[in-house]
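> Got a structure for you, questions after.
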Ligand SMILES: [Ca+2]
């Protein structure tokens, strides 16, 4: 039974030539330092040797265990393009101040000790900018190949969604690599029930490891066709799982279920129509664009709790420049520039919640 549909919107934007500008910076360390170690080995385990194939033979994408390399400490080279972290308006199509208002927050914490589950189509757990935050052995593969192991690696080139979500939440900061997540020291696990879309797998993922996961990010949902949609497989099953999460998660304080609220705004859809996102216990997330306006596709709804930045499209007949999407991690040590939709807004909220939980676990 198909359940899920990733809620990103793809768009193209020009390469970003960013002038020098103030940045949100990691604290405590300056300059460049090198230390030796291998987070990839930590995630894959000592039995995996460099060069070993770790992806299923049936997959189009081939993953090999990389050779251990020095860890680099230093500024993230793509940080200046991440307008959602700090937006001074210098990038075309942005308005100063339309960001997550993180400047200064990282001095007090960057998500340490908070664990976020990315429930999606996959997670490149050995990506160079994610691997340091991935919890060894704690992810779960629901995919059709090697099902049940702890490597939810995307199987096809187009399965980029979950890895982009993971990067927005917790790409590692100040490692001289890529970019930074909103909570760049939070821990990540990946569950990929969208690889099959089976309702039973989704339900299992949302209650997996409740003793250790604090936040479950869900950048997916049902179709945006403007009609009421029953929860899958049933509203009773959905309510039962959320009740379990609220009862057992975070030692009784309740797991945080963050959901993308839907991209059917231009089709007259309402987030309320999707009963799963309208159920008590979910945090429904809408999207604003880089000018601080409602993203054209973001669905209205009385169930919405909070909006976060994302990409947008020029409205028909308008001459305004296209609003920027969010840079994030791609597959196999690549990076994307245009992650968009409420799919991108939700992980920004998950990252902010991670910062909040670190500051106030109660
Ligand atoms: Ca980084």
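Note that Cβ sites are derived from N, Cα and C of the backbone, with glycine treated the same way.
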> Can you say which of 310-330, 331-351 is given as region 'Disordered' in TrEMBL?
310-330
> Using TrEMBL as the reference, determine which range in 1-30, 31-60 is annotated region 'Disordered'.
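My reading of TrEMBL: the region 'Disordered' range is 1-30.
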> Return only the integer: C-alpha distance in Å from residue 343 (active site, charge relay system) to residue 161 (active site, charge relay system).
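Their Cα atoms are separated by 8 Å.
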> Whole-number Å distance between the CA of residue 120 (active site, charge relay system) and the CA of residue 161 (active site, charge relay system)?
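Answer for this pair: 7 Å between alpha carbons.
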> I'd like the Cβ neighbour count for residue 161 (active site, charge relay system), meaning other Cβ atoms within 10 Å of its Cβ, all protein chains included.
25
> Looking at the domain 'Peptidase S8/S53' (111-361) alone, can you tell me the average pLDDT?
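Computed over the domain 'Peptidase S8/S53' (111-361), the mean pLDDT is 93 on the 0 to 100 scale.
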